[in-house]
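So the structure is just underneath, and the comments pick up after that.
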């Protein structure tokens, strides 16, 4: 189907505008859908009935197995508790995990320091121990309200199941540690009843058990890595600091053990540091610990058999640990250097190529600036093609991933915002198969006047400039021919989805820009497989064509000028389809075009 001209007579500008109007026709797909003809391989599973079935099954599953009491007051309490269940990867849980890591790190640092008796009696230590005990008590109860992913990777947020999941896994372990925290706090606060020596030893032993929370530290870090996206360069840099922190923590613990052994009487404390302050004793111990990991020496030496045995054990451990540490740091630094060198070599080859081929300086600068911008974006935002594991995902997971990536941009258009409510699987497949990313450098032309359109564009970032065509007869520009800027959140050339279309102007990038292109041909192939989904869109397409055929040629544009009233057409198309479904005896879910719904 080609667009045709309706020939009339009038002034030259009128012939350009209203007189030489174009007649648009629907793509064959939408004609078939409007006529109610079955499309190739048509299916109804993902239409309104499919969604209704999913909702019904979900509600039936909760109601039929509902363990909650039926009286109103009890149900209100359970309903209140159910609303407290949080997503395992949500913002609230992420903040709580960060606080947990801070508290675990504090325990790892503060617990060994309890060997210094003067620190145990300070007000700061007493307050910190109370805050720690309170935090882990709250964490214990809050863990019952955290969702999880089951063996089939399905998200489970039902309170009954989150309760039993935590009960069967970590509840006993966490309960013991919480009790240890409170007993340790009480013993340290009321040590007089036990006597200073016995109190101190009991508090040390109980606080030492709190270090068992380190077992859960890898899990916290794993969850945070999933929530915080890092470029490869940043990840390697943080890994270097992580190794440095690890070796310092090990030396901190060894230093505290060295002081504990030396303070028993007749040890190095009596010989080298008797009467010194706590700060001097700690840093002397830390200095001795660091010298065991490096080829250095100091004046403090073992004074008895116990200290000598401990020194030998530390030396053997340091021989292995420090060698591994140096090897890891060397590999990470080499990897970091290679990342820089590879990029430098690529640009040297580019400069040589542009120079040998005598490319003009303005074009060479544009090429280099574009590539620098592109590589900078790739460093900041890791690309899907660079993550090999993503290629191993199943197709349903790939669709969900692409949907979460691209739907925020598609939903700027009212049609896709509403369409996802009733035909989510179709929109997910569109995100997987029909969308591609386009990057433009400042000055690049996206399309020109008269080019055959092949897709609809959604602006993700950047600014573009659209110039409408002027009257070829009089040479004057119409009001709509003034250049217009297009920014993130806007869409371009929607009409190509419904009818053959030629671009009505030129689109040029003013800055570096990123767009999502919805390919019309692939979009049509997806809709060919679903009659109900195609019928909904066909009603919208028909009204779009009707409005386009009412416009003069000078009024046609590739942008959303507001003349088409997309939101109004979406509301009418979906309500009309809902009425047809009810007349056919099929149920229909209520629909709202409100994005907040």
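For all residues, glycine too, the Cβ spot is worked out from N, Cα and C.
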With TrEMBL as the source, which of 134-151, 152-169, 170-187 is set down as transmembrane segment?
-> 170-187
Which listed span TrEMBL calls transmembrane segment, if the choices are 210-235, 236-261, 262-287 = 236-261
What range among 309-330, 331-352, 353-374 does TrEMBL describe as transmembrane segment?
-> 309-330
With DSSP as the reference, give the number of residues of the domain 'Cyclic nucleotide-binding' (432-530) in helix, strand and coil.
-> 18 helix, 40 strand, 41 coil
Short question: which residues 6 or more past the ends of the transmembrane segment (236-261) have a Cβ under 8 Å from it?
-> 108-109, 112-113, 115-116, 230, 267, 269, 281-282, 285-286, 288-290, 292-293, 306-307, 310, 314, 321-322, 325, 328-329, 332-333, 335-336, 339
